[in-house]
Structures are given as C-alpha cells and as structure tokens.
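*Asks:* After the structure tokens below, expect a handful of questions from me.
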Amino acid sequence: MIKAMIIRCLALLCLCYSLVVAASHDVVHLTKAPQGSALGALGNSTVEISALYKVSQDDIQTPPKTIEQIASADTAWQKFDSQHLPIAEGGNWYKVVIYNPNQAFATSFVTLGNDIVFSSFNVFSEAHGQQIHQESTTLLATNHWLTELTLAPNEYRTLYIQLLSSSELYRPISVESGQQFTTKQGSLQYRNAFAVGAVVAIAIMSLLLGITVRDKALAWLSVYFFIRAGLLSVLVGGHLYYLFPNHDELRGIELLALVGLSTLAFIWFTIYLFQLTKHMPSVVKFAKFVSLLLIAISLVSFYLPLSAIVLSTNIIFIAMLVALFTLGLYLHQRKQRLALLFSVIMAVQFLFGLIISLGLFFDISPFSARESLLVVSFLFNVILVVVLICRMYYYQMQDKQLAQKQALANAMTSKQAHEKLIALQEENQEELEQRVQERTLELNIALTELEEANRELEQKNTIDELTGLYNRRFYDQRMLAEYRRSKRNLTPLSLVVIDLDYFKRVNDKYGHLAGDQCLSWLAQHIKQSLKRSTDIGCRYGGEEFCLILPDTDQAGAINLAEELRKAVQSFDFVYHEQHIALTVSCGIATYTQQEHIEPAHIFCAADKALYQAKHNGRNQIKTQDISPDLLIQEHSHD
C-alpha cells in the first residue's frame, strides 16, 4: 500500500511539473552566432544573442571599475555557453552581444531572473559608433528584471550588465521579441495567479470546513495555506520590493516572517491532527515555546539584514522539516495511521527544497526553472496535505462504519437473547408465578415479623427499662423536634429538669435496690402528673428527669412542677417496711423564640435553675431565663 501511494505521488508530481512548465515555457533557444561561437537563436525571436562573456572575478577592483574601464580592450572576458549567468558573491560584470539579422528595426526585451540577494542591477548599452549609455531597467511582477532595446537592421549591440549579489547562484537570461515577451509574461502571470489562487481557494475551503465541523486542525491548516499563498506570491514576484523598487531595504523583508508564521501554523496543525495534547503533552509544551520563538523572530525579522534573513529562513525551513519528519516516524512506530504519510510529505518537501537549491547554486538544466519548481512545490505540498486530510476523514468514516456494524451486531445479539429470554419466560410462566406467590407469602410473613421486631427494638431503644419513661436518646430527638415546631408556630416550649434530693444518701443507707425502687416510684408520679398526650417525661440520666411541655408557658410549667413536688413530698415511700422520705427539686426554662437560642441553651437554663433550687435548700422550684451565654453546670446536685 505504501509503495503504491509513493508511486501515485511521484506520478502526480511529474504531471504537475509538466503542466506548469508547459504553461510557462516560452519557445526560447539560443542559436549559433554568425561567427560560429554564438548561442542558439531564441525560438522565433528576431534578435539573437551573439555571445555571452563574464569578466574574471580577479579583474574586479575595489572600488569597482567604471563602465568605461570595463568596456576597454584591456578587460579579460571569459566566454561561456549557457542560458544561466554564473553569479558570484560580490560584484559581477557580464557582456552580452546581441544581433538583429533582419532588414527592419526590431524591439527586443532582455530579461534576467531576479533574486532577493541582488542588491544592484544595471544595464549599459554600446552601439557601433555611439557612446556607452545606461539603459532603464524594470522589475516585473513575474520576478524578472527587464530591459527594452530597439536594434537597427543588421545591428550588433553590446550590453554590459552589472550585478551586485550577496550570494553565489545561477539565474536565467533571455532575449525575446515583443510577441514572445508578451506571450511568455502572460503565461507566467497566469501560472502564478493560478498557483496562488489555488492555494487561497484550498485555504478558504479548509477554513469553512473547519468552522462547520469545529475542527481546530482544519482551522490551523487554513491559516497555514493562507500564509503559504502569501509566501508563494512573494517568491514569484509579488513582494514589497516590486511595489517600492527605490527602497532597497525592502528586499526580502517579509520572507522570514512568512516562513516563521507558516511554520507555526503547520506545527499546531500537526498537534491537533495527531491529538498530541492528549498523547504527548511534553511535545505540546515544547511547541508552545517554539511558537513564541517564531513569533519573536517574525517581529524582529523586519530589522534584520538580508543575509541574516536568508540564513534564518533556511534554518527554520530545514529544522521544521527534520523535526516533523522525525515526529512522523516516531508516531508511526506508535501505530498512528497517518504518521507515515505525514513523514512522506515532509520528505517530499525537503526534496523540493534540495532540488530548488541545486538549481540556484549549480547550472543543472532540469532544475534551472526555479519559479516553475516553486509553483510545483507549493501546489504539490497543498495536494499532499489535502490527501492527508482526506485520509483522515476516510479513516474516521471507516471507524464510524465499523462502530455502526459492531453496534448493529450487538443489537442483533441482544435481540436474539431477548427473544430467547421471552420464550423461556413464557415456558416457565406458571411455575414462576407460583414460586413468586409462595415467596411473596413467605416474604410478607418475614416482613411482619421484622416489623414487630423493629417496633420492639425501637421501643427498647427509646424506653428506659427501670422507670418505663423515655430515655436520653428519645429526649434529644423529641426536644429538637419540639424546638423546631415551637420556633415555626411561635408557641412557648417549657422544659422541667427534676432531680431527687439526697439520692446518694438513699443508696448509701438503704442500698441500690432501694434507690432503683425510688426512681421507679418517681417515674410513676411523673406519668400521673402529665395530663396531655403531647407532654413527654424522660429519664435524662441517674436521678435526673426531664419534662418536655409543648405549648406551655412558664406559669403552666410551674403549676405542673409544683403539683409533682407536693405529690412526691406527701407520698409515703415504703421499702421492706422501711419508710423513705423523698423530695424533688425542679428547674424550669421556657423558650419563647429568643434570638440565637438552640435546644442546648434551653437545657442549660433549666439545669441552672435546678442548681439554684438545690443551692437554696432543695424541695423547691426555680426558673431561669434562657441566654446563649449559659453553660451546663458542672456540679454534683447532692
């Protein structure tokens, strides 16, 4: 599958290159000069290049020679047969001899492929019997320098071309007639516009698709394509220096920023394509650092010299391709389905960069069409990335179909199991119903027994075994409930705390069994004193008892407590023919919705009143106002 994919990519590459070259190629061939040493004729051109010369680099002085010195007979010229000028770093002088073999005046156009490393381009013309003069030059939108000449019949014209370059490379030169020039420039402009427009169209499509499906990878891809379209436009001639040719500082100023920003966009496209935020968070952290660095470089690039811009551009381009190629191989080892194709795209992009570099620095014929290679490189990169996205959605569609098939199979299995279950239920329905009835009866009996046991247990948990009154646990629950009801209904709630006087003496004198009997007798008196069903008597602990009196004000609580005190005092307690004199002390607190009062505060107030009754001689009743500041008295009532 991988071999077939590579073969299809190579075939598509060849097709794209053929179409672009065919669309942009002008029929230009150098012909033999009349002297036998000339270059071939340029297709149907009516003007021929008779000879091309390059002055020896050793003969260029510093400061540079003037045009008169260069044109003198002492200059040592080196003839070369090539359509591309070998340009050295620094100053360069070239002599081009052109010839009009026609019997009529001919207008010709001399064009030289431009590059951002050119800081100076001047053309001087010398006709027979005339002085040397400088010709006007124009930078075209197709990234070519243009000089227009008019030659008389059978005229030889010598051109001296001065170039100042910051790098060593090869660039094409050609001489064309007006018709050839117009046709060629139209083809180049059509090619460039088609290439840039195609990239922009793909960018718009990616943006709309990303917005529709809310895919961040497609959003970053659209940003990448938009920036790449701008970069391609700059590389084929649509740069700031073309718009402002008098400002040499604009040469290549936007190149590094576009490369840096496109690299940033492609990095984040890669992150969201392979979901690295989930699988490789450390790589994402490093990518954030690289993104900040690229943004900083893009901002600073407008102030860098041209040599630094070119060097930084190449470093960023190579580093990105190597890093992403390595990442693709690593992800392929981790069974990422798109990783291998991604690595192939990076390798192809690196191969294009290598081919274009070979065409710049070496006179290799297949690689000399730099602009065509740039267009093919960008378009092929777009096509491969689109293929990558298509494969991604193809895999997603496959996964979805597989999931649907699996879900359908699970549904069929579930349906069959359900049908078997229904059949089994129908077969055993009568037996099942009978068993259910038997089990239901057994369960009802068990539930009834359980309810009785729970009631007994609940009663045991809330009743004090010795006195038959409610215990402390029940007191806490009921007191909280009555407190909330009193607060909600705005009704008084009274609490009476009762304590047997000198109970310890009873235990010491008559024994603990006698003490228990006294507690039981007191409980009987408490039960008899409670007239309402809402009044609750509880054994709080030891010889202390509590009466919860809902809807009872302080006066009512005092009356009830007084009746109880008198009843206990007047009763003759006899235990084993021994008469025991018993009295009780009572403390009363009444809650009337005072602020910041809780049930504990009510008990504290009643307990403090009880303490006062004990302190004042016992066998009496005391009341106490409720306050949040009251604390439970820690004392022995005896």
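Note that the numbers count up from 1, one per residue, in the order the chain is shown.
Just so it is clear, glycine is given a Cβ too, placed from its N, Cα and C backbone atoms.
Since the structure is predicted, the reported quantities are computational estimates derived from the model, not experimental observations.
Below are the features I grabbed from TrEMBL:
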- 1-22: signal peptide (SIGNAL)
- 193-211: transmembrane segment (TRANSMEM)
- 218-243: transmembrane segment (TRANSMEM)
- 255-274: transmembrane segment (TRANSMEM)
- 286-304: transmembrane segment (TRANSMEM)
- 310-331: transmembrane segment (TRANSMEM)
- 338-362: transmembrane segment (TRANSMEM)
- 374-394: transmembrane segment (TRANSMEM)
- 414-467: coiled coil (COILED)
- 491-626: domain 'GGDEF' (DOMAIN)
*Asks:* Is the transmembrane segment (374-394) in contact with the transmembrane segment (218-243), using at least 3 Cβ pairs under 8 Å (sequence separation of 6 or more) as the test?
*Replies:* yes
*Asks:* Same chain only, please: residues at least 6 beyond the ends of the transmembrane segment (193-211) with a C-beta under 8 Å from a C-beta of the stretch. Say none if there are none.
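*Replies:* Residues packing against the transmembrane segment (193-211) from afar: 20, 23, 217-219, 221-226, 228-229, 232-233, 236, 238, 375, 378-379, 382, 386, 389.
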*Asks:* Would you mind listing the long-range same-chain contacts of the transmembrane segment (374-394), meaning Cβ under 8 Å and 6+ residues beyond its ends?
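*Replies:* Cβ under 8 Å, 6 or more out: 9, 12-13, 16-17, 20, 191-192, 195, 198-199, 202, 206, 218, 221, 225, 228, 231-232, 235-236, 273, 337-338, 341-342, 344-345, 348-349, 352-353, 356.
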